[in-house]
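Beneath this line is the structure, given in structure tokens, with notes to follow.
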Amino acid sequence: MDYTEIIANLATVATVINFASGVEICYKIYRQNSTVDCTPAPFMMGMLCSFLWFQYGIRKPDMTVTSVNVFGFTLWTAFLFWFYLYSKPKSHLNTHIGILLIVIFGTHFLLFYGLEDVDTALKVAGYMGVISSLAYFASPLLLLAKVLQTRCSQCLPLPLIVSSFCTASLWTLYGLLREDSFIVVPNGIASVITSSQLFLICIFPRKPQGDLTRLVI
């Protein structure tokens with residue numbers, strides 16, 4: 001087993017753990033028997049990202065990228081189905097799911113039938129994967145602004161951030177070893193974003209200053 005294969009296996013395990021973050025949301029939905037205060041956006045974005053990277057993986061070809069995203073797409077689909085079961089009313093969600101399916105099937109037909117050149121299809125799939133990953137990882141930037149404003153890191157989910165940092169760092173290293181810029185760029189940026197979140201957790205307390213004052217008194 002060479003170094004690249006070791007990193008690939010570690011990245012796969014880290015990604016599976018990171019995907020499992022959706023279990024917490026599903027459990028919350030089950031406990032409250034509703035989707036109040038929950039959003040399907042992470043599940044839908046996870047489905048789209050996994051689908052696009054699967055398309056890239058089968059064209060590269062890269063079995064590590066392909067297999068982990070087949071698993072991810074299946075898992076995110078199951079999470080979205082769970083959300084759908086508890087969602088009331090469903091009309092708004094039906095619209096969003098319909099748009100998602102149109103994008104997925106439209107992309108599939110574009111890459112398989114619209115682009116005859118394999119290299120062009122690979123590049124298009126790669127760029128789509130990069131854009132979707134950047135959109136997925138950029139969402140926590142809104143939380144960074146809140147932390148800086150309140151000077152409290154309570155809103156940042158530490159386990160998920162640590163998991164995301166490890167996952168992105170391993171995929172960045174894997175991309176460097178494979179000399180694949182499509183893998184390096186989004187995961188390198190994700191590593192910077194998650195490391196900045198960890199830095200804020202280190203310098204700002206996990207509880208508001210008012211709560212700390214009450215504890216001291």
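For all residues, glycine too, the Cβ spot is worked out from N, Cα and C.
Because TrEMBL annotations are produced automatically, they should be read as predictions rather than curated entries.
Annotation comment: TrEMBL describes 6-27 (among others) as transmembrane segment. Within its own chain, the transmembrane segment (6-27) has Cβ neighbours under 8 Å at 38, 42-43, 46, 64, 67-68, 71-72, 75-76, 79, 82-83, 159-160, 163-164, 166-167, 170-171, 173-174, 177, counting only residues six or more beyond its boundaries.
The transmembrane segment annotation in TrEMBL covers 39-58 (among others).
The transmembrane segment annotation in TrEMBL covers 64-85 (among others). Below 8 angstroms of C-beta separation, residues 8, 11-12, 15-16, 19-20, 22-23, 25-26, 29, 35, 38, 40, 43-44, 46-47, 49-51, 53-54, 56-58, 93, 97, 174, 183 of the same chain, each at least six residues beyond the ends of the transmembrane segment (64-85), sit close to that stretch.
Residues annotated as transmembrane segment in TrEMBL: 97-115 (among others). With a threshold of 8 Å between CB atoms, the same-chain residues lying at least 6 positions outside the transmembrane segment (97-115) that come near it are 44, 47-48, 51-52, 55, 59, 80, 84, 121, 124-125, 128.
Annotation source TrEMBL lists transmembrane segment at 121-144 (among others). Packing against the transmembrane segment (121-144) from elsewhere in the chain are residues 41, 45-46, 48-49, 52-53, 55-56, 59-60, 107, 110-112, 115, 155-156, 161, 164, 168, 182, 185-187, 189-190, 193-194, 196-197, 200: each is 6 or more residues past its ends and has a CB under 8 Å from a CB in it.
Residues 3-4, 7-8, 10-11, 14-15, 17-18, 21, 64, 137, 140, 143, 147, 183-184, 187-188, 190-191, 194-195, 197-198, 200-201 of the same chain, all 6+ positions outside the transmembrane segment (156-177), place their C-beta atoms under 8 angstroms from a C-beta of that stretch. The transmembrane segment annotation in TrEMBL covers 156-177 (among others).
What TrEMBL lists as transmembrane segment is 183-204 (among others).
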Folded-back contacts onto the transmembrane segment (39-58), same chain, C-beta under 8 angstroms, at least six residues removed: 19, 22, 25, 64-67, 69-70, 72-73, 75-77, 79-80, 83-84, 87, 93, 96-97, 100, 103-104, 107-108, 111, 122, 125-126, 128-129, 132-133, 135-136, 139, 182
